[in-house]
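Quick look at what TrEMBL lists:
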ACT_SITE  Y60  active site, proton donor
BINDING   H119  substrate binding site
DOMAIN    18-273  domain 'NADP-dependent oxidoreductase'
SITE      K86  site 'Lowers pKa of active site Tyr'
Amino acid sequence: MKIPTKKLKTGFEMPVFGLGTWQMGGRKEHDLDNDDEADILSIRTAIDSGITHIDTAEIYANGYSEILLGKAIKGYDRSKLFLVSKVHAENMSYENVINSCKKSLERIETAYLDLYLLHRHNPDLDLKQTIKALDYLVEQDLVKNIGVANFNKEFLAEAQSYTKNKIVCNQVHYNLEFREPEVTSLLNYCQNNDVFLVAWRPVGKGNLLENIPSIVKEMCDKYQKTPAEIAINWLISQPYILTLSKTRNIEHLRDNLNAIGWEMEQNDIEKLRKEYPNQKNISDTVPLG
Ligand SMILES: NC(=O)c1ccc[n+]([C@@H]2O[C@H](COP(=O)([O-])OP(=O)(O)OC[C@H]3O[C@@H](n4cnc5c(N)ncnc54)[C@H](OP(=O)(O)O)[C@@H]3O)[C@@H](O)[C@H]2O)c1
């Protein structure tokens, strides 16, 4: 299956759906009991199913997720993949950003990243210097595009003001239940400023697929889709929104891919926006993943 893309006005294009790797190889530390083969196979199965956008980070399993990704992509045409990694907030000094990126490239065994993200804003470091390091990585062709994650709209605007390179995305927590980007107008800001909002945790780590609210059941009946397909499609049917989900389960992968290639009606998008129960909007923890 060919995953559709969305395009910024600048011409930059990204697939509407990608594969996450949080918890592949461990959580914050490398889990020595991890089933590496299962993780590698899940990445390869995703690529064989048409997924090109794969998201990782230097802190995932303390770098081990990147190593697994490197093993998984061996033998595939690199130019057809869209690989994303992130620099940890503690490594955002000018020198450390560059070092972190080079180490990620070594672990993934690739010459470049398609997109490199700041994992979150670090108020203790000079954002201007951090962005300067991202610009250097672009100049050196180690990174094709730059972006951020978990930035509010003020920091996103500030980051953009320091670079001629386009900040192409902000990767943030957003799903049917978690609505902070709507409440803070970050979503509107991205839509008005030609920036992709890449929604992480689209199925709430699977929690959105339990105790299905009646409004979702209604949509499942109307569109003949599963709750996961509704949750993912609700995101990507909205302008400027892309998403990525992690799965190691082939049935879940199929389910998630069935969310693609059709569009929910605008009135149903708005109905879900309004009527989905128990919406949350304040993140009470530092993002994990
Ligand atoms: N920038 C950030 O700070 C940040 C934060 C969090 C995440 N992320 C990125 O975004 C990606 C996605 O977020 P996430 O992994 O936290 O959340 P997610 O994709 O909503 O949830 C992943 C979990 O849900 C299960 N799942 C996936 N599809 C399913 C389906 N169709 N039916 C039932 N269960 C399903 C998976 O289990 P199975 O493996 O058993 O299918 C996995 O445990 C991450 O992997 C990571 O790359 C970024």
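In case you wondered, yes, glycine gets a Cβ from its N, Cα and C as well.
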Neighbouring C-beta atoms (10 Å sphere around the C-beta of H119 (substrate binding site)): 23
Average model confidence [pLDDT] within the domain 'NADP-dependent oxidoreductase' (18-273): 98
